[in-house]
Amino acid sequence: MSVFADKPVHQPGPPRTYVRREGRLTDGQKRALSELLPQFTYPEDGRAPGEVFGREAPRVLEIGFGNGESLAAQAGKHRDQDFIGLEVHRPGVGYLLQAVEADKLSNVRVSSSDALLFLDQALPQASIDRVQVFFPDPWPKKRHHKRRIVRPDALDKIARVMKPGAVLALATDWDNYAEQMMEVLSAHPAFENCHGDAQFAPRAERIVTRFERRAHRLGHTIHDLAFSRR
């Protein structure tokens, strides 16, 4: 989750799950966005991921990758898998692209589009093996809860692109959001808790990012959830 702040941008239709937070771009991030983004942008024309990556491999979609630290580490460790990362904040996209270049990661593609639009337009049905939503914006004020990414209409879109048996892995350090995630996912007909009714999951495979270290310093409990696509 980004640490930058900005005013909400309003649009008709379902509530956005984010605000645009540009922050300050470093020279390296500017160069990465200019030179690398065209090469590593995931197209939004609905073509099969195998065509985009030029091979058939397990596919991981991460929604809201922040600065991409965790996604880059995962892609480097699992070069036999293909990773699609969504992030609306340009500094984070630039940071990830720098890591992609430095580590020679050919198995990563990115998009800075609205996640809900991307899910509708870019990916075919039943094309993803794993979806990750780590530390999404908690929108802590009650009047903003409708913006949370884990809500029924967003889960419908996520479920559409997941293969049967694919796993949706989530993490949050907000107790209230963890409870809502559990409630909404447990009630959704497309998902089944991998660890039993109302049970949280062991920590998912990911490095401890700067954001997660900060959550620990603040005394927050990290809640992981894992649900499979029926």
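Sequential numbering from 1, following the chain as shown.
Cβ atoms here come from the backbone N, Cα and C positions, even for glycine.
Looking at 1-20, 101-120, 121-140, the range tied to region 'Disordered' in TrEMBL is 1-20. Going through Glu56, Glu62 against TrEMBL, the one listed in the S-adenosyl-L-methionine site together with Glu87, Asp114, Asp137 turns out to be Glu62. The record assigns Lys141, Asp173, Thr209, Arg210, Phe211, Glu212 to the substrate site; their largest pairwise CA distance measures 25 Å. Rounded to the nearest whole angstrom, the C-alpha distance between Glu212 (substrate binding site) and Asp137 (S-adenosyl-L-methionine binding site) is 13. Recorded residues Arg210 (substrate binding site) and Asp114 (S-adenosyl-L-methionine binding site) have their alpha carbons 24 Å apart, per Cα-Cα distance.
Distance noted between the C-alpha atoms of Lys141 (substrate binding site) and Glu87 (S-adenosyl-L-methionine binding site) is 22 Å. Between Asp173 (substrate binding site) and Asp137 (S-adenosyl-L-methionine binding site), the C-alpha separation comes to 10 Å.
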